[in-house]
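Q: Features from TrEMBL:
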- A:S56, A:R59, A:H142, A:K162, A:Y171: ATP binding site (BINDING)
- A:S56, A:R59, A:H142, A:K162, A:Y171: CTP binding site (BINDING)
- A:D68, A:D70, A:D119: Mg(2+) binding site (BINDING)
- A:40-142: domain 'Polymerase nucleotidyl transferase' (DOMAIN)
- A:157-266: domain 'tRNA nucleotidyltransferase substrate binding' (DOMAIN)
- A:285-433: domain 'CCA-adding enzyme C-terminal' (DOMAIN)
There are 2 protein chains.
Amino acid sequence: MTNSDLDAVAAAVRERIDPDEAERRALADAAAALESRVHDALADLPVDADALQVGSTARGTWLSGDRDIDLFVRFPADLDREELEAYGLEVGHAVLPDGHEEYAEHPYVKGDHDGFDVDLVPCYDVPSASDIRSAVDRTPFHNAYLTERLDDDLAADVRVFKRFLKGIDAYGSDLRTEGFSGYLAELLVVEHGGFEPLLLAAADWNPQVEFDPEDHGTRSFSDPLVVIDPTDPERNVAAVCSAENVARLQHYARDLLSDPRESLFFRPDPPALDPDGVRDHLARRGTSAVAVVFDCPDLVDDQLYPQLKKSLTGVADGLDRRGFDVFRRATFADGDGEAVLFVELSVDERPTVERHEGPPVHVRRHAEGFYDAYEGGDDHYGPFLDGDRYVVEREREFTSATDFLESDALFDVALGKHVESTLSEDGYDVLVGDDVAALADSFGAELGRYFVPRP
Amino acid sequence: MTNSDLDAVAAAVRERIDPDEAERRALADAAAALESRVHDALADLPVDADALQVGSTARGTWLSGDRDIDLFVRFPADLDREELEAYGLEVGHAVLPDGHEEYAEHPYVKGDHDGFDVDLVPCYDVPSASDIRSAVDRTPFHNAYLTERLDDDLAADVRVFKRFLKGIDAYGSDLRTEGFSGYLAELLVVEHGGFEPLLLAAADWNPQVEFDPEDHGTRSFSDPLVVIDPTDPERNVAAVCSAENVARLQHYARDLLSDPRESLFFRPDPPALDPDGVRDHLARRGTSAVAVVFDCPDLVDDQLYPQLKKSLTGVADGLDRRGFDVFRRATFADGDGEAVLFVELSVDERPTVERHEGPPVHVRRHAEGFYDAYEGGDDHYGPFLDGDRYVVEREREFTSATDFLESDALFDVALGKHVESTLSEDGYDVLVGDDVAALADSFGAELGRYFVPRP
């Protein structure tokens, strides 16, 4: 490897992701027109407020084709929350007559303008980030911090790094991905002074890794990557980033440094599988797959995926605890279709009997209670001694994974709230063995990623 | 329960185990005659020595029907070991003309006299137990200690306690049983002042339990029961007694105290099983049994059983480590026939693939080595990430318990020395599933105890 190889790759990537002059101009024009409309709308209001463009399109760090314009309307900090919300929506609807309301920290208006997706968000104009009244008030400070530090070269490196994170499936702080947010990506590039120095550092990280650009952090975190928000000493910008995504960045940083190539930035998904492909993999692996299939709860992804992950862990642990050894697992969802908890098992059947250990014989009261409970009766073996303990071999509650999944015991495991209500109210299907192959009709891409796993 | 119920049971037991007057006289006569012969033989030797009857038949603590007479010949402490052995054998053969030589600490002569089994053992006549030159020199001091403390009542309680230990399968300090020796039984009765106080105490023991009758112990032990030898402050008389046999005594002490009954002293074995019986149990249990069957090594029990137990542990651990979950296990041996390592499994098959965890990605040198070793190639899945580690799913070495048992890998587990040489030189059979039922032809009693377990 030489730097020039990596530089050449980065240049080639930039050819594909840098917005060209026409795109920049169109965006600047649209933003200017929107700001002007905001000023017009504000003129009708009995408060003093201003408009501020934020986000990657405000800082030149967006990738060609992104069509998001974020406009924040800053109201005086002493305004009532109800007034702020009312004024915010009034401005929003005036600026985006065809827009609709959404809800984050406050309600806000989202709409289209000249082909751009515009968010028009009201916030408080506070003197410093430590005075914020709502989470969105922090955004203007983020914007100011980065704008001050990003020159054209660093902005270009941010775009390359963001494309790299997309290529390795680590981009996004949504709760499905648990990866790197755009803001985090920008801070890391600024902190390291560019894309390549960031890669060189990440390749050698030994988590927990902590960065504190303003050297003002006041608390400790348990996350593998900690980047103290330059505008908030109490906040880890990388809190959502999972250990796996940190490891993923480390892996591919090494990979790219040792073999610079453009393809890693635009990596296609593994081919989708059809039912025959799933059957072939299961036969080759010799495992037994089971799947709990149900109507996908109607939730936004940031609510849906945590619930699916929690449910998957609950079901897998429930199977494991009953002796059905989990080999691997995954959850798939198709917004307005089905959701799946998919568990691949090493063991899907257990004997009729299970070992049940009692107390040590010398713990007299417990030991006598245990012995008396099991003495006599012909539905078990024992009690007998193993070392200093009583043991009985009694009938196992579930001798197959399917029995467990189809029983009420499924509801004893920790399930996501809406997953639990869906399963109990609308029911669910349990697919076993080769029948899971039919899932490929809806989730062929997901099954492709599952059966052709990569870092 | 009342004491009188237990007393009545003990009295009934004594009816069956106390030697009657004729038996006592016959034994006394035989012992006197043997001692006289020893004196005659000693008269021809150029050393000053004497004879001493030891053991339970010397102390009135034997059970009716026991036919063992132990005669120790005490030679001067300054005698050469070679001379001691030569003189000992000379006396032995003179006293027991039809006897044969055996070997413990020294060679000694064993033979029959008037229907009694006589051991004629040479030892050193040392001034105190702390001066012993060989382990057998301690026996006369044991004998003196107990003889001084056992009156007729306590001797009777020793007999009742020994019969109780036999009834509950906890009698004997051989390495197959790992139970209570006769000497230990006598010390415990003396220490507690009788059978019933011993039971009351044992029912409440909270191991580690330590007794030190002479209050002279100088070291600590890790055994569950510690009885410091009154003649040796460094020795735990109960060192061989397993935690299970201590628990067994506790269990049955409570049982007898709460429901005094003679039957516990003369408990029959569970009925032997025939092959159909074994098949029925396996079908009911839903487990898979495997057995390694080989020619029983020609060893005394105290060498054979530790080797069999070690081998059983090794094989069971080897199976467990490869995912064949062991449910229960046992070893059987028929001195001049076969020996068996019997393992009942919950899982006897595993998938083709196994999970193989690599290092955390951040441990760069190891992580890169692991990744490079597995990158590419189509005989495995991955490497991919699970949390911060690399994982591959590679082909499992053994997908069935039988494959493992029939492979050379069996010799990688810890096996008893002579078991290992027998398996490697003479070969072995692996029985699987219902084929193990055929073992009932040779080991029906053992399989009866295995499948009808009791404390």
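Yeah, the Cβs are placed from backbone N, Cα and C, and that goes for glycine too.
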Q: Expressed to the nearest Å, what is the distance separating A:S56 (ATP binding site) and A:D68 (Mg(2+) binding site) at their Cα atoms?
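A: On Cα coordinates alone, these residues lie 8 Å apart.
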Q: Roughly where does the domain 'tRNA nucleotidyltransferase substrate binding' (A:157-266) sit in mean pLDDT, to the nearest integer?
A: 97
Q: For a quick check of packing: other C-beta atoms within 10 Å of the C-beta of A:S56 (ATP binding site), how many?
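A: For A:S56 (ATP binding site), the 10 Å Cβ neighbour count is 21.
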Q: These are the binding-site residues: A:D68, A:D70. Which one scores highest on other Cβ atoms within 10 Å?
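A: Counting Cβ neighbours within 10 Å, the top one is A:D70.
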Q: In which DSSP state, out of helix, strand and coil, do we find A:R59 (ATP binding site)?
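A: For A:R59 (ATP binding site) - judged by DSSP and reduced to three states - the answer is helix.
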Q: Using DSSP with the three-state reduction, classify A:K162 (ATP binding site) as helix, strand or coil.
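A: For A:K162 (ATP binding site) - judged by DSSP and reduced to three states - the answer is helix.
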Q: Would you say which of the binding-site residues A:R59, A:H142, A:K162 has the most Cβ atoms within 10 Å of its own Cβ?
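A: That would be A:K162, with the most Cβ atoms nearby.
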Q: Can you name the residues of this chain that are 6 or more positions from A:D119 (Mg(2+) binding site) yet have a C-beta less than 8 Å from its C-beta?
A: A:D68, A:I69, A:D70, A:L71, A:Y108, A:V109, A:K110
Q: For the ATP site as recorded (A:S56, A:R59, A:H142, A:K162, A:Y171), determine the largest distance between any two Cα atoms, in Å, rounded to the nearest integer.
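A: Max Cα-Cα spread across the ATP binders: 19 Å.
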Q: By DSSP, how many residues in the domain 'CCA-adding enzyme C-terminal' (A:285-433) are helix, how many strand, and how many coil?
A: 54 helix, 52 strand, 43 coil
Q: What does DSSP assign A:H142 (ATP binding site), in three states?
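A: The residue in question, A:H142 (ATP binding site), is helix (DSSP, three-state).
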Q: Within the same chain, and leaving aside A:D68, A:D70, A:D119, name every residue whose CB is within 8 angstroms of the centroid of the CB atoms belonging to the recorded Mg(2+) site, in sequence order.
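A: These residues sit around the Mg(2+) site: A:V54, A:G55, A:T57, A:I69, A:L71, A:D117, A:V118, A:V121.
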Q: Across all chains shown, how many C-beta atoms besides its own are within 10 angstroms of the C-beta of A:Y171 (ATP binding site)?
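A: If we count other Cβ atoms within 10 Å of A:Y171 (ATP binding site), we arrive at 21.
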Q: Work out, from DSSP, the number of helix, strand and coil residues along the domain 'tRNA nucleotidyltransferase substrate binding' (A:157-266).
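A: Per-class counts: 51 helix, 15 strand, 44 coil.
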